[in-house]
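If you look up TrEMBL, you'll see HIS64 marked as divalent metal cation 2 binding site. Residues or ranges marked as divalent metal cation 1 binding site by TrEMBL: HIS65, ASP103, HIS228, GLU232.
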Amino acid sequence: MTLTDVIEVLEAAYPPARAESWDAVGLVSGDPAQQVRRVLFAVDPVAAVAEEALDCGADLIVTHHPLYLRGTTSVAATTPKGRLVHTLIKNDIALYTAHTNADVANPGVSDALARAVGLAGDLVPLRPFPDDPWRGLGRVGELPEKTTLGEFARRAADGLPRTSWGIRVAGDLSRPVLRVAVSGGAGDSLLGTAAAAGVDVFLTADLRHHPASEFVESGGPALIDAAHWATEWPWLDSAASILRESGVTVETRVSATVTDAWTRGY
Ligand SMILES: [Zn+2]
């Protein structure tokens, strides 16, 4: 299989045209004609992931987060990103990114997150595209049965990969929970939409004190704040299975390296 063959499958599932205008998705490094035998899926394009690719003999790394989001004038090995580019090119490892186009896809990042924290049945976008109600940011769905916020939080923590931080809850732990909204990654901008969606709890990452405090004070849904990396990690297997089921004969592997920014909690 060539890199072009693999990219074709990824772009059918995650059309680059659906990415936000500020985003940088697609091929970062690599020759479209090069052969791909093994693909490593990871959240972050960082040195530890490049090492993992070297160790497992991957020819392609597919990451959720872009390497360069803003313009750059140098890829010299004098910065961590430049060094990463050198490692990749010297070892014939291609890098490909599906970011906001994977967030809004169906199935996308938040579908995988919803399943990981125990939502069952149909999922609908929290903020659907006006021209496509089945695609968009976040997901809303229901638990198999009504539970409490405390019990759901425990289940969510168990369903997500371990990080130093785990999850944080804002709200009355005995509050009944059935309808849940989730958004992988930083879901700050969806707080108002979640409040209007009539859900019992909104689970996302990177929430800040003031918006979270005001949200809970206003009597809206409870909040669960998980580690950014952990909310997006469940998508990796979903993306890998799209490749496996497409008929392209490549081996897939999901990175087990925890690349969340926070490495220790006290
Ligand atoms: Zn993210």
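Every residue, even glycine, has its Cβ placed from backbone N, Cα and C.
Annotated features, which come from TrEMBL, shown on the structure.
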residue: HIS64; record: divalent metal cation 2 binding site; Cβ contacts under 8 Å, 6 or more apart: ALA42, VAL43, ASP44, THR97, ALA98, HIS99, ALA102, VAL109, GLU232, TRP235, LEU236
residue: HIS65; record: divalent metal cation 1 binding site; Cβ contacts under 8 Å, 6 or more apart: VAL43, ASP44, PRO45, THR97, HIS99
residue: ASP103; record: divalent metal cation 1 binding site; Cβ contacts under 8 Å, 6 or more apart: VAL109, SER110, LEU137, GLY184, GLY185
residue: HIS228; record: divalent metal cation 1 binding site; Cβ contacts under 8 Å, 6 or more apart: GLY185, ALA186, ALA205, ASP206, ASP260, ALA261
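Listed in sequence order, the residues VAL43, HIS64, HIS99, VAL109, GLY184, GLY185, ALA186, TRP229, THR231, TRP235 complete the 8 Å Cβ shell around the divalent metal cation 1 site centroid, once HIS65, ASP103, HIS228, GLU232 themselves are left out. GLU232 (divalent metal cation 1 binding site) has a Cβ environment of 26 other Cβ atoms inside 10 Å. DSSP assigns HIS64 (divalent metal cation 2 binding site) to coil in the three-state reduction, outside any helix or strand.
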